Amino acid sequence: MAMAFSHFSSPSSSISLFRPKSPSHFSSSPSCIRIMKHQPSMEAFHPLPLPRKLVIRHRFAGHLPMQFKSFSKRQSTEQIEQAKAAEEEEEKVYEFERLFSNLNQATLKRDPGSLSSAIFLVAGTTVGAGILAIPAVTQEAGFLASAIVCILGWIFMVVTGLLIAEVNVKTMCELGSGGVSLVSMAMRTLGTAGVQIACWSYMFIHYALLVAYVARSSAILTNFLGIPVWETATLFSLLFGGICFFGSQRLIGAVNGALVFGIIASFTALVVVASGDLHWEALLKANYEAAPQSIPIIALSFVYQNVVPVLCTNLEGNMSKIRTAIVLGTAIPLALFLIWNAVILGTIPALEMGSDKIFDPLQQLRSTNGVVGPIVDIFSLLAIATSYIGFILGLTDFLADLLKLPSGQNSPLPYILTLVPPLILSLLDPEIFFKALDFAGTYGVLVLFGILPAAMSWSDRYSKSSESPKLPPLVPGGKLTLSLVIGSAGYVILSELIENLGHQF
């Protein structure tokens, strides 16, 4: 059944399709729209039965719920008065399952994202090269103490991801469309200062991690091929940079899928082979004083927040599904991280720790076990490659937008700016892998995906000037929770800054 409107209460409103739940459901969810019948304020609507499938999308300028009022201009004065009386007695509230419908431009059919795909998107984004550094920064603390830090880090990153999703859905409500970027969220909630922080933190994280990826991959390839580091670093950068530049979306997706399959296969083989030499008593070691030094790397390993806006759009603003996707999607990497850390720390013998140098347990494992070594190298290289492709695509799109290059054109300039600086820095300091990860985790991730989400949510929830719709929060606890997020991230950043300054002076 169609519904024709010739006038509307807001010039920025739009109409699309989605399914309403039963009228008996009452909710303050973002998709809850009040539809009131027979209200004589507009003379353009004809009263029709409410269709079973209806989506009303509105560029929200104020708070939900919005009201749609209609009546037939053929109605008599008596009928209008009766409609007023009926309206005062009964008001029907319909709760809708989603905010926006994803429309396939080719078929003009609804193309909703599935919950399982969203879960695997979060899981695949989270598992990356950060997992390689976890045993190196947790070996002094031991498995038991580092496992506690890992679980706490997972909880922290889940909370910040949910805060980003909450602000993103509210921004979708105000702008009346999906596909809202982190920069748009920062501009709406924190203004120009928030945008500057978001932009610089984003670039810092991407460049630092690209440097780390090139440095580590070149070391692995040099060990395999026996050629100089500068050649392997250049080969790795040109190979995957070329795939991103020349390849189609289908080719890039196929390459990434093959790499993910290789990661799963090599990780399974590593656990099976290495667990035979596992010393269970070694897993009981716990040095809680050394545990905090692993926080930046663990936080970096759980980064997935950059895909949360995509998640919100694909799931059409369904906050229940978004919450499930984030929690389950990050729980899978948590299990992998704990298993990986247990296998590595439980297999290698006790190490002599130095004060200024981080010893890599994977290097020692390769030297002590001839079977495990090649598997570790393959897993490491594949994990780096998947992360490298994602970060190249993300940074090139960001730089193209920053340089205001025409959309739809694959310009070589963003790729040159993305690939060349990390290549040069990695060659200047081949041992920069752990340093780059530590700096990215401390000063990038904890700002962009720690302090910033809590600050945006605070502004959205408690700012008097905020006109965002009042939605149910995805993270409970109010100001206490937001204060804990900001305070804990700020404490880690200040602690690392003081420690680094102490080492220099």
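These residue numbers are counts, starting from 1, taken along the chain as shown.
Each residue, glycine too, has its Cβ placed from N, Cα and C.
If you look up TrEMBL, you'll see 73-106 marked as coiled coil. What TrEMBL lists as region 'Disordered' is 1-24. TrEMBL lists 118-137, 143-169, 190-215, 227-247, 254-274, 294-313, 325-351, 371-400, 440-459, 480-498 with the feature transmembrane segment.
If you average pLDDT over the coiled coil (73-106) in this model, you get 56. Relative to the transmembrane segment (325-351), the listed stretch 143-169 leads the set 143-169, 190-215, 227-247, 294-313, 480-498 in CB pairs under 8 A. Comparing 227-247, 254-274, 294-313, 440-459, 480-498 for CB pairs under 8 angstroms to the transmembrane segment (190-215), the maximum falls on 440-459. Here the transmembrane segment (254-274) has long-range neighbours at 124, 127, 243, 247, 336, 339-340, 343-344, 347, 365, 369, 371-372, 375-376, 378-379, 382-383, 385-386, 389-390, meaning same-chain residues at least 6 beyond its ends whose C-beta is under 8 angstroms from one of its own. Outside the transmembrane segment (371-400), and at least 6 residues removed from its termini, the chain residues within Cβ reach (under 8 Å) are 124-125, 127-132, 202-203, 206-207, 209-210, 213-214, 216-217, 220-221, 223-224, 236, 240-241, 243-244, 252, 255-256, 259-260, 262-263, 266-267, 269-270, 273-274, 306, 347, 362, 365, 407, 411, 413-415, 417-419.
Panel annotation: around the transmembrane segment (227-247), residues 214-215, 217-219, 221, 255, 385, 388-389, 392-393, 396, 410, 412, 415, 418-419, 422-423, 426-427, 430 of the same chain, lying at least six beyond its termini, place a Cβ under 8 Å from a Cβ of the stretch. Beyond the transmembrane segment (294-313), the same-chain residues lying 6 or more positions past its ends with a Cβ under 8 Å from any Cβ of the stretch are 100, 102, 113, 118, 121-122, 125-126, 128, 130-131, 133-134, 137-138, 141, 146, 149-150, 153-154, 156-157, 160-161, 164-165, 168-169, 172, 178-182, 185, 205, 209, 322, 325-326, 329-330, 333-334, 337, 394, 437-438, 440-442, 445-446, 448-450, 453, 492, 496.
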